[in-house]
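> My questions all concern the structure below.
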Amino acid sequence: MTVPLLKIGAVLSTMAMVTNWMSQTLPSLVGLNGTAVSQAGTSESSTLFQSSNEGWQVYTSAQVPDSKCLCTAVIPVQGSCSRDLRSRQLQQLKEKQVQNISQSMVELDLRTYRDLQYVRNTESLMKGLDSKLKVATESQKNLNAKSFQELKEKMTELMPLIRVLDQYKADTRTIVQLKEEVRNLSGSLLQIQEEMGAYDYEELQQRVLVLEARLHACMQKLGCGKLTGVSNPITIRASGSRFGSWMTDTVAPSSDSRVWYMDGYYKGRRVLEYRTLNDFITGQNFVQHLLPHPWAGTGHVVFNGSLYYNKYQSNIVVKYHFRSRSVAVQRSLNAAGYNNTFPYSWGGFSDIDFMVDENGLWAVYTTNQNAGNIVVSRMDPITLEILRSWDTGYPKRSAGESFIICGTLYVTNSHLAGAKIYFAYYTNTSSYEYTDIPFHNQYSHISMLDYNPRERVLYTWNNGHQVIYNVTLFHVIKTSGEL
């Protein structure tokens, strides 16, 4: 009897140790794995990859009942790009693998919990049996047939525990299999994510090109509109004196990003040509042009490779061709004031102001015949002949600066702080109106203000700072569909 009793005691002691380990380890193992799989399956499919019907939508030139023309691009929320094929694969993975794993984990968790409760319920029985075995081992002489029968009966009650432990062994193998399935699933998701990411980048790049082309076409169709707002100023550089001008070519192709810089408002002849805007910002990579005649004012423009400016101490307008470094043509602007006869309110020999908009080349000036009111003239850019003129009725000396957008002259009421766009003259209808468009004059002294139709921004020289403003235009189309 001694040897069997010792073996039974060793088995029971080992069973107790196993039971204790299982009660501490298995529930946490199952719970953590079950939660991890469930969360991974849910977050990967719902956060990284949105539904397939979410995508880019572009609306261009949409005519609505009140004749407004809309140019709108709607893009998906960041991170929600999806591909139908990859989404279906992910959906299949979720349904076939993630759900199966989740169900297996749930079943395993329930069974483990149930069996663990049984083990815990037999704990007191095991302790009682262990106590009796110790007594029997220490004093086998006191062990009689009745006591042995009691031990046998209690051992019979513990026999189902063997099947429970066998099930734990099976569950351990299941856990290993599930672990491998989770590892394989994770690898599959990562591979699809990488493939999907590369596919999305190429697709997104192509969509961006298409979108840019469509928006560019929309902007070309809606080239003209009424000014409704001016952005806050964007300072590009701080350089030069208090007065000057800077500009880019108003009709050059987009690949031509040269910047021209003319410091000062009279007697100047030195024009700096920077290769790019970045070069202008850093003050590097420029060439110098020395004009044959000095300039007056700051109302110069670069139009199709040539500089248009007012010759100092005269009403002669000059077209200087940069490539040939020569004067292409010059002509007297008859009756136009010069030498501070009819400048803007800031002075600076700003009698003649060249401008370019979507319709071509303009000159803004005034004469004695129209009592100092602003005259707007369309000019032939090749011959400098006046094609047509309009008398706006607005006194030039009361204007801070002005610019033209889509044939409409916009006038600021001051060159100092507190300025706003105060007056608009429409050449297409020969009519005017007073406006109230906010205009933030950050450095409090504007001596040059010009619109660039290619970039749709305002270029400004503001107290030794080179500044740009974005503009907001309201587009209206006729019922015929023409602007």
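Keep in mind that glycine also has a Cβ here, set from the backbone N, Cα and C atoms.
Sequence annotations record features per position, and here TrEMBL assigns signal peptide to 1-16. Under the heading coiled coil, TrEMBL lists 175-221. The domain 'Olfactomedin-like' annotation in TrEMBL covers 223-475. The disulfide bond feature in TrEMBL is assigned to Cys224-Cys406.
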> Return the count of C-beta atoms lying within 10 angstroms of the C-beta of Cys224 (disulfide bond), excluding that atom itself.
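The answer is 18.
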> Could you tally the C-beta atoms, other than its own, that fall within 10 angstroms of the C-beta of Cys406 (disulfide bond)?
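I get 20 for this one.
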> Please compute the mean pLDDT of the model over the domain 'Olfactomedin-like' (223-475).
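Residues in the domain 'Olfactomedin-like' (223-475) carry a mean pLDDT of 95 in this prediction.
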